[in-house]
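What follows is a single structure, written as structure tokens, with notes after it.
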Amino acid sequence: MGNRVTRGDFEWVYTEQPHTQRRKEILAKYPEIKTLMGPDPHLKWIVSGMVFVQFLACYLVKDLSWKWIFFWAYAFGGCINHSLTLAIHDISHNVAFGNKQARWNRWFAIFANLPIGIPYSASFKKYHIDHHRYLGGDSLDVDIPTDFEGWFFCTPLRKLLWLFLQPLFYSLRPLYVNPKAITQMEIFNALVQFSINLIVYYLWGLKPIIYLIAGTILCMGLHPISGHFIAEHYMFLKGYETYSYYGPLNWLTFNVGYHMEHHDFPSIPGCRLPMVKKIAAEYYDNLPHHQSWIRVLWDFVFDDTIGPYSRVKRLCKLAKES
């Protein structure tokens, strides 16, 4: 990774992110990987089915007791909603309709957002571009915890609390680290979302709304699927800032576990990322990776050497917008 200097407790590096160079090397050796780029023709149908299932669930839970509302929110609905956030992640890379139909991707992401209950997709798109362009960039990559998070959430109990509160930090951190002007698409996202919430409330009452929003919050907090938040970029080994996960939960998460492959080729949809690993196996097989998101969460909480500070940071120059 080049020269390292300790500043605070983050791992500060003064080299470019590794994905740019690896992408060049892989494409030079395996140009056929370019054929994997482009839209996933099945994504829009899978996402539409998930949205339909969640609204059907809204009808089914409307008369349940509150304890069962929260049970099904955590065990079922929240899993779908978390999966939808990862579908939105893929859609933010224009893989639903292709780069030439960018607007259709933005609108479809708002549709995928509906069961999540909280307007999310437009803001995610706005900041996720920076996560790829300025990976680990100080004051640019809002995926990096703040100094307060790194300083305070440093014991097992506090790290457990941090995981539970992760949706709060994930949504509020951009406003502190790298605030940006609200866009028209974000306003549209919010208007559509709250209108659908009102319709659901009018038809079936409050319980379905709580089912949707509670599921989103609970399953983005302390939940096996949320292990991907920690697995992707927290340094479990010095010198490695991105990790893949090759376990079965990829089936539920649009292969977000193939995270090294995704950062190397963000325009390749999740369904084709395993092909990247297969074609360029020598570039990935010997890199450290995870086999269990539950184990990732366990180690994060109880390993004293890992915490919110366990991230690579770098100073990045702002790229010129084309």
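Glycine is treated like the rest: Cβ placed from N, Cα and C.
Note: the domain 'Sphingolipid delta4-desaturase N-terminal' (5-43) comprises 19 helix, 7 strand, 13 coil (DSSP; helix = H, G, I, strand = E, B). Residues or ranges marked as domain 'Sphingolipid delta4-desaturase N-terminal' by TrEMBL: 5-43.
The transmembrane segment annotation in TrEMBL covers 43-61 (among others).
Marked as transmembrane segment by TrEMBL: 68-87 (among others).
Per TrEMBL, the feature transmembrane segment maps to 107-124 (among others).
Per TrEMBL, transmembrane segment is recorded for 187-204 (among others).
Among the features that TrEMBL reports, transmembrane segment is placed at 210-231 (among others).
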Worksheet item: Do any residues of this chain, six or more beyond the ends of the transmembrane segment (107-124), have a C-beta under 8 angstroms from a C-beta of it, and if so which?
Response: 44, 47-48, 50-51, 54-55, 77, 80-81, 84-85, 87-89, 91-92, 96-97, 171, 174, 183, 185-186, 188-190, 192-194, 196-197, 209, 212-213, 216
Item to complete: Quick one: average pLDDT across the domain 'Sphingolipid delta4-desaturase N-terminal' (5-43), no decimals.
Response: 90
